[in-house]
Amino acid sequence: MTSKDNIAPIAPPPTHRLKVDKDALANNWKALDALSGSASTGAAVKADCYGLGTDVCVPTLRNAGAAMFFVAHWSEVLALLPHVEPVQIAVLHGPMTAADVDFALASGVRPVINSLQQAQRWAEKGGGPCHLMIDTGINRLGVEPIELSHGVLQSLDVDCLMSHLACADEDNPMNGEQLAIFREAANKIAHRRLSLSNSAGIALGKDYAFDLTRPGIALYGGVPRNELASCIRQVAYLEAAIIQVRNLTAGDSVGYNSEFTADGSMRVGTVSLGYADGFLRARGPGFRLMHSGNELPVLGKVSMDMIVVDLAQTPEVSEGDWLNVPFYLPDAAQQSSVSQYELLTVLGKRLRNC
Ligand SMILES: *Cc1c(COP(=O)(O)O)cnc(C)c1O
């Protein structure tokens with residue numbers, strides 16, 4: 001056999017990994033389903049399941065019982081089709097072009113209609129069952145309640161009539177205001193189901209659940225409201241290996257722009273994790289990696305593919321040893337001032353291939 005033979009070489013094991021705890025993911029869906037009361041519970045699976053990987057997460061959510069799957073883009077649909085029925089998929093951005101409508105009709109995936117123009121585009125090609133987003137105050141996508149009497153909307157075959165809460169993660173009067181607007185709007189157009197709540201909305205109570213809830217972040221271990229802290233488990237675990245150990249002496253600096261300088265001799269480890277993996281610079285100084293309960297403070301700036309940690313507390317670790325990267329989202333968000341959503345969705349593609 002020569003190297004020209006067409007056999008793909010097997011990739012050697014990586015030096016960092018993202019582990020998705022499928023049991024925790026299923027647990028979180030079930031906990032949110034229980035909190036949703038008599039409403040059925042879907043799953044927001046946009047952005048490759050918030051960075052954790054569609055192929056791992058969607059079958060787990062489907063097997064747990066998720067009824068509907070929400071993506072933002074039409075380009076996200078193909079990755080879902082091997083796992084769920086087309087009618088279970090809703091595309092939140094709706095049809096922006098005739099090609100989007102053609103794709104929806106050919107695949108059986110349902111659009112969320114967000115404007116009169118989108119409704120027109122859908123109806124022109126024959127349309128069929130769709131979902132309809134009403135804007136009740138977030139002012140991103142959706143038809144205005146006052147537009148609901150418009151003929152093209154009245155002629156739609158609306159399965160799920162939806163709206164989206166702007167401030168569900170806070171105690172904000174806007175929640176009640178949006179609820180009232182949504183209830184009133186629901187009387188103005190025929191529909192089969194109503195849906196208002198994201199993860200945080202589910203924690204606002206039964207009034208907000210209607211027929212279908214749409215959790216996202218809490219499925220993946222985010223805790224957008226304290227009420228959810230007791231039932232939501234961490235899903236994403238991050239580990240990275242030490243790829244070199246070195247000894248510094250007083251005056252030696254570490255990393256770009258020499259932001260850390262040793263004031264005495266110290267042993268440090270270079271770890272295979274960087275901002276290209278989603279370990280942002282905001283998580284650098286003050287952040288710690290862990291090894292068997294010991295803390296390893298990050299030194300200096302986070303590089304694209306590496307960070308350097310202080311091994312003072314862990315004289316036993318050496319090249320090839322694995323470190324845990326604390327990734328309980330509420331704590332990581334507080335430590336870095338990066339939102340729980342962003343911490344997940346910036347996770348690098350490189351980590352997911354492990
Ligand atoms: C992303 C999204 C959700 C899920 O929101 P979380 O805050 O992640 O639970 C639900 N509905 C819509 C319309 C969304 O865009």
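Numbering starts at 1 and runs along the chain as it is shown here.
Glycine is no exception: its Cβ is also placed from the backbone N, Cα and C atoms.
The N6-(pyridoxal phosphate)lysine feature in TrEMBL is assigned to Lys46. Residues annotated as substrate binding site in TrEMBL: Arg140, Met304. Residues or ranges marked as domain 'Alanine racemase C-terminal' in TrEMBL: 235-353.
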Distance [Cα-Cα, Å, rounded] between Met304 (substrate binding site) and Lys46 (N6-(pyridoxal phosphate)lysine): 26
Arg140 (substrate binding site) and the residue listed as 'N6-(pyridoxal phosphate)lysine', distance between Cα atoms, whole Å: 17
Among Lys46, Arg140 [recorded positions], residue with fewest other Cβ within 10 Å: Arg140
Residues in the domain 'Alanine racemase C-terminal' (235-353) grouped by DSSP into helix, strand and remaining coil: 27 helix, 41 strand, 51 coil
All-chain count of other Cβ atoms within 10 Å of Met304 (substrate binding site): 11
Three-state secondary structure, which DSSP defines for Arg140 (substrate binding site): coil
